[in-house]
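Chemist: In case it helps, TrEMBL gives these features for our protein:
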type	residues	note
DOMAIN	1-81	domain 'Neurotransmitter-gated ion-channel ligand-binding'
DOMAIN	89-295	domain 'Neurotransmitter-gated ion-channel transmembrane'
TRANSMEM	82-103	transmembrane segment
TRANSMEM	115-135	transmembrane segment
TRANSMEM	147-170	transmembrane segment
TRANSMEM	281-298	transmembrane segment
């Protein structure tokens, strides 16, 4: 048999009828009604094959010691039943490939869940391939079922490599973010009140006690003019001190906003969430495309 299209193959088997003792000079065999000389019983069926058609022929066979003999041929065309292989091979392999896609929806920080899922699907595909080859003759060419199983195995293996890339790029990106924060923290000026000096406003004149004055240490007083200094010299000591203090209100600069927007638009290769996002579409689409080509070629 030719197993290059197994299990979607059709086999041709022949039955030969020939006289043992009488040559063509003594006995001539022929089909009286051609192909209609044979008929099949509908109650007879095979477990693995379906008889599609049969063809009758006759020809002469030559033996050097005795001469020519008349021989009749019946050629049966058998098509293999595929339902068994769909349940035992194709359907489990497809489920394993679809199960490997579940890792794309699992959080990238759940390392045990995604790694165990990928290893389980890879080992299951290896078991399916080994089981199919164990029940088949050892042929030197590639069978149709081998193509389907090995392509499915490649899809499962690529899903494991996809998470390896996600995990590695996540580690690199987190390390870069940590260094960037440390660099920004070291370059920033210390501020006692934790308020940036971006926008200032002047407080109204008010009366402050000594405790209030001490609590405002670190703020810059507004310089006084000559007239204010003269008035301060002639002031009565009991009069409370007047201060004008500059307070600042923090606000994000445009450069900071631009940096944040640029971080949101990172490259797809560096954006780990984008890798999982695009894998959810690329892997199923590619596998569906492969199935369309496979079944259109072999069916």
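Even glycines carry a Cβ here, placed using N, Cα and C.
What's the neighbourhood like for each of these?
Modeler: In the predicted model, residues of the domain 'Neurotransmitter-gated ion-channel ligand-binding' (1-81) average a pLDDT of 89.
Long-range contacts of the transmembrane segment (82-103) within the same chain: residues 7-8, 48, 113-114, 117-118, 121, 124-125, 128, 132, 145, 148-149, 152, 155-156, 159-160, 162-163, 279-280, 283-284, 287, each at least 6 residues beyond the stretch ends and with a Cβ under 8 Å from a Cβ of the stretch.
Proximity of distant same-chain residues to the transmembrane segment (281-298), defined by a Cβ-Cβ separation under 8 Å and at least 6 residues beyond the stretch ends, is recorded for 5, 8, 97, 101, 104, 144, 147-148, 151, 155, 158-159.
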Chemist: Could you break down the residues of the domain 'Neurotransmitter-gated ion-channel ligand-binding' (1-81) into DSSP helix, strand and coil, giving a count for each?
Modeler: 4 helix, 38 strand, 39 coil
